[in-house]
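Asks: Got a structure here, written out as structure tokens. Questions coming.
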Amino acid sequence: MGVHSDDWIRQMVKKHRMIEPFEESQVRKKVDGSQVISFGLSSYGYDLRVSREFKIFTNVFNSVVDPKAFDPRSFVEMESDCCIIPPNSFALARSVEYFRIPRDVITICLGKSTYARCGIIVNVTPFEPEWEGYATLEISNTTPLPAKVYAEEGLAQVIFIQASEPCSISYAERNGKYMYQKGVTVPRL
């Protein structure tokens with residue numbers, strides 16, 4: 001059991017299309033030379049990008065936030081080059097990359113320090129064995145001020161961990177509720 005390196009990630013992308021699209025190295029600048037929050041392959045992980053699709057939490061209906069009966073009207077949907085998250089609120093987004101996780105691997109996804117140092121916290125649950133889809137990203141603004149997130153730039157790092165043995169039942173085999181998700185996905189039961 002251990003954390004996989006850039007060579008393993010690159011090999012899994014070539015053989016099994018584990019990450020699509022895939023950036024072979026860390027990207028820090030756009031073609032025009034302007035800086036971006038880095039994304040792409042790193043030494044022991046992959047820095048995923050956030051897409052242009054966002055759902056910003058507003059609670060205009062004064063709903064109780066209930067994971068068993070979540071009201072999707074609590075979100076305002078938008079597509080943009082950036083997302084302004086209200087103070088002490090959050091947004092959902094999705095990764096640019098589509099992931100296919102091997103049966104004997106689980107991932108941990110951690111927010112990039114560039115955002116964390118600004119009070120913007122990213123939460124993503126592990127990508128389980130044989131899970132496949134776009135990752136839904138939870139982005140919290142812990143500050144008393146509006147916070148800006150840049151689409152098509154790095155948001156979080158995925159670390160791939162080798163299991164000591166393959167699992168008995170994979171996420172796909174138990175028909176996980178977030179299997180093959182395409183867009184920003186709100187809570188499901």
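Cβ from N, Cα, C; glycine included.
Look at Swiss-Prot and you will find E138 tagged as active site, proton donor/acceptor. Look at Swiss-Prot and you will find K112, S113, T114, Y115, A116, R117, T136, L137, E138, Q157, Y171, Q181 tagged as dCTP binding site, backed by sequence analysis.
Surface or core, plus neighbours and distances: that's what I need for these features.
Replies: E138 (active site, proton donor/acceptor) falls within a strand when secondary structure is assigned with DSSP.
Secondary structure from DSSP puts A116 (dCTP binding site) in a helix.
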Asks: Given the binding-site residues T114, T136, which one's Cβ is surrounded by the fewest other Cβ atoms within 10 Å?
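Replies: The binding-site residues T114, T136 were compared, and T114 has the fewest Cβ atoms within 10 Å.
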Asks: List the Cα distance (Å, whole number) between A116 (dCTP binding site) and E138 (active site, proton donor/acceptor).
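Replies: With distance taken Cα to Cα, E138 (active site, proton donor/acceptor) is 13 Å from A116 (dCTP binding site).
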Asks: Compare all C-alpha positions of K112, S113, T114, Y115, A116, R117, T136, L137, E138, Q157, Y171, Q181, the record's dCTP binders, and send over the largest distance in angstrom.
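Replies: Largest Cα to Cα distance for the dCTP-binding set is 33 Å.
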Asks: At a 10 Å cut-off from the C-beta of Y171 (dCTP binding site), count the other C-beta atoms across all protein chains.
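Replies: Around the Cβ of Y171 (dCTP binding site), 21 other Cβ atoms lie within 10 Å.
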Asks: What same-chain residues, at least 6 away in sequence, bring their CB to under 8 Å of the CB of E138 (active site, proton donor/acceptor)?
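Replies: Once residues fewer than 6 apart are set aside, E138 (active site, proton donor/acceptor) is near F90, L92, V122, N123, V124.
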